[in-house]
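Listed features, source TrEMBL:
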BINDING   334, 336, 424  Mg(2+) binding site
COMPBIAS  124-134  compositional bias 'Basic and acidic residues'
DOMAIN    24-121  domain 'BRCT'
REGION    124-143  region 'Disordered'
Ligand code: DCT
Ligand code: MG
């Protein structure tokens, strides 16, 4: 079987009514294998027609497979049907007869498969339509990001950029539902293999409600969304956006500064009632460097620095690049590494020594070290968004000129010999490496949906530490990410397809 017979356009998936399986009919016409498309036909009519055809000696299959010779559809728009068929991964689709119901009824009347005539055929859509990328690719698109493959190529940036503003605004307003709705919609659009050109392209896609469609309609018609424009010029949004762009300043602090009447950094700095913590001080000090983010070449250079430093302490230590760069992103706001040691226990105390070495090398600008609060008895956590319990360090390092291949970002007027970059180091024990790696690879939406999928579809709890089967009341161990996907009964999605 290649795909389920249910077209994704069906909003609510019903169990198709099984045709009468108890009666075995003799197959009289071996050269014909029929598949009836349930969409529009409905499950009960499909079951009735299946029984009828079988009773007349036709072979009718429930699932669409390469064996099928005659696909029969009723009332399905040709474009939709063909797009779906093309997405089903059938071999030699063009050798199959794609027919409307008239061929079927005439064949039933004749008691044999009638010869296919042009009028029976559901004509393939024009070449132009065929060449056009299929944005909604009516293959069944899962509501879970962990069942979609999302590379860094986003064909729908015009919409997702707008949604990201709406997500941010919802976050600032602590409107969790709205935030989630726009995050999920963003994620679905990012997974599409082509640009959405009209609202019709969205048919059958999950997570796109009226609110999201209204924004998209606006963009399709006017090139921009009036709602988003309104937010972008909103004073509060602008202030919160500015304040939270500082490393160490979260939504709550930003809101506090806004309530004090501040709208600019100068106003914040001029207010003596505001005391900045260490992280925020570093955030302001290296503001423009950090805001610029990092290129892949810079991330690679940092990888070499981190690896060399770690290996001087534990020669066989494992240093794994994770976060957005592991997913193939070309730039990121920071670089994330997971460090562990093959010998259990040897990872303890390692991070402190690494940081000391950075200091000794003169590249440590800022660090916040969080001790491990890892406690197996407190697992698994039900708080999906909760920070994990591994020992970790949030750093600002000096990346020196000359260490980066093609270091264009260094070419600023000041001709400085270094720039400040954000690095996160996480140190799980080797026994939990796969879970930490999966969790820290992201994207955040991919992780969120992995956890949601685990809980709702498998009655399991997943976090950055472990996978727990609630039914069997056992932890499921895994040494690799592939094993975690397998334990969840999910097709493995490699990191570069997790950009949900
Ligand atoms: N993560 C996590 N728990 C956190 C923070 C992050 O499990 N408290 C995971 C989710 C994504 C991953 O770690 C890396 O986080 P970021 O660096 O924030 O995201 P990114 O995908 O690497 O994006 P960017 O390119 O902006 O760094
Ligand atoms: Mg990152």
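Placement of Cβ uses the backbone N, Cα and C atoms for every residue, glycine included.
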**Study point:** Environment of 334, 336, 424, the listed Mg(2+) site - residues of the same chain whose CB lies within 8 A of the CB centroid
**Key:** 322, 323, 332, 335, 337, 394, 422, 423, 425
Point to revise | Proximal but sequence-remote residues of the same chain as residue 334 (Mg(2+) binding site) (Cβ under 8 Å, at least 6 apart) | key: 293, 294, 323, 421, 422, 423, 424
**Study point:** Counts by DSSP class (helix H/G/I, strand E/B, coil) across the domain 'BRCT' (24-121)
**Key:** 39 helix, 17 strand, 42 coil
Exercise for review: Could you tell me which of the binding-site residues 334, 336, 424 have their C-beta within a distance under 6 angstroms of some atom of ligand 2?
Suggested key: 334, 336
Exercise for review: Using all protein chains in view, find how many other C-beta atoms are within 10 Å of the C-beta of residue 336 (Mg(2+) binding site).
Suggested key: 22
Practice item. Run through the Cβ atoms and count how many others sit within 10 Å of the one on residue 424 (Mg(2+) binding site). Key: 16
Practice item. Going by DSSP, give the three-state secondary structure for residue 334 (Mg(2+) binding site). Key: coil
Practice item. Take every residue in the domain 'BRCT' (24-121), average their pLDDT values, and give the whole-number result. Key: 89
